[in-house]
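What Swiss-Prot says about this protein:
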ACT_SITE  His259  active site, proton acceptor
BINDING   Ser167, Gly190, Glu213, Arg214, Asp240, Phe241, Lys255  S-adenosyl-L-methionine binding site
BINDING   Asn288  substrate binding site
Amino acid sequence: MTVEQTPENPGTAARAAAEETVNDILQGAWKARAIHVAVELGVPELLQEGPRTATALAEATGAHEQTLRRLLRLLATVGVFDDLGHDDLFAQNALSAVLLPDPASPVATDARFQAAPWHWRAWEQLTHSVRTGEASFDVANGTSFWQLTHEDPKARELFNRAMGSVSLTEAGQVAAAYDFSGAATAVDIGGGRGSLMAAVLDAFPGLRGTLLERPPVAEEARELLTGRGLADRCEILPGDFFETIPDGADVYLIKHVLHDWDDDDVVRILRRIATAMKPDSRLLVIDNLIDERPAASTLFVDLLLLVLVGGAERSESEFAALLEKSGLRVERSLPCGAGPVRIVEIRRA
């Protein structure tokens, strides 16, 4: 008698393959944590000048020798570091080199951001987010993500570096993709450390800017713009975009900010911007937009936003609905680089 094969009752080989795949997915958290520990200990930097023994690495990092050896042996099996197989030596390879400290590398900065204990605690409470639709960060850490990054300089630095590395790449893409030549003034709302504003001002010498950001980060933006020789063309405005937005600019920019907030807060922000806009002002929303077949990486970021801050990535239709509630409308949407980021040009309705 032949047993019918179904998704619940596959053949033996198919079942074994399915179990192996699921097991590999389940072990993903362990692999990530192992990488984080190697990064925290500074192993990639120590291997930059050549292979070293586990004994030497343990001495340099203050780690337990045998346990560090076990950690590196595991990571070598997934392609991070090379186990040379003789003399207890481990070496750098293409994957581990990506983890070297580099403010321009989204992977290197994100590896350090993800390693933070408060980040891991938030993911432990994912069930809370799925049940309630709210951020789990607050429940896991006893404070909000925004409060933590405001009060804790180390947390703020980890976050700003992670965001800054992404912005370094995207800033030039925005300046290349959108023509600001018809504008005299631009306001960057939640402009971070200033890389976007710097790129736009560099590309369009006739433009003057204002950057609105929370006080601790606003000073970092001032330093960057001063270092780029742009301080005389950009006012730094420390403040809260829920409270105040400068009136009457030709162009307003807001990049990777709206996805940090739930729908009600997005409408609050957009209404505040709409009030500040002139009848002929343009608002550029630069953000990930989910299309019909989004990449897994986009959907992971979507879930990360939920866990950390209760935010979300949105589709064009979802975003358009929020704009309508805010008295705004989409004029057009432009690609920005090869990924899911779009520049959405918006006018008052």
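Cβ atoms here come from the backbone N, Cα and C positions, even for glycine.
Because the structure is a prediction, the values reported are computed rather than measured.
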Site extent for S-adenosyl-L-methionine (largest Cα pair distance over Ser167, Gly190, Glu213, Arg214, Asp240, Phe241, Lys255, Å): 20
Residues that sit under 8 angstroms from Arg214 (S-adenosyl-L-methionine binding site) by C-beta distance, when 6+ apart in the chain: His150, Pro238, Gly239, Asp240
Rounded Cα separation (Å) that holds between Ser167 (S-adenosyl-L-methionine binding site) and Asn288 (substrate binding site): 13
Close recorded positions near Asn288 (substrate binding site), where close means Cα within 10 Å, chosen from Gly190, Glu213, Phe241, His259: His259
Which same-chain residues, if any, lie at least 6 apart from Phe241 (S-adenosyl-L-methionine binding site) yet have Cβ under 8 Å of it: Ile189, Gly190, Leu212, Val257, Ile269, Arg272
Entry from the binding-site residues list Ser167, Asn288 having the most other CB atoms no farther than 10 A: Ser167
Neighbour-count leader, CB within 10 A, recorded positions: Lys255, His259: Lys255
Count of other CB atoms lying within 10 Å of the CB belonging to Glu213 (S-adenosyl-L-methionine binding site): 25
Three-state secondary structure, which DSSP defines for Ser167 (S-adenosyl-L-methionine binding site): helix
Where Gly190 (S-adenosyl-L-methionine binding site) falls in three-state DSSP terms: coil
Cα-Cα distance linking Glu213 (S-adenosyl-L-methionine binding site) and His259 (active site, proton acceptor), given in Å to the nearest integer: 16
Asp240 (S-adenosyl-L-methionine binding site) - helix vs strand vs coil (DSSP): coil
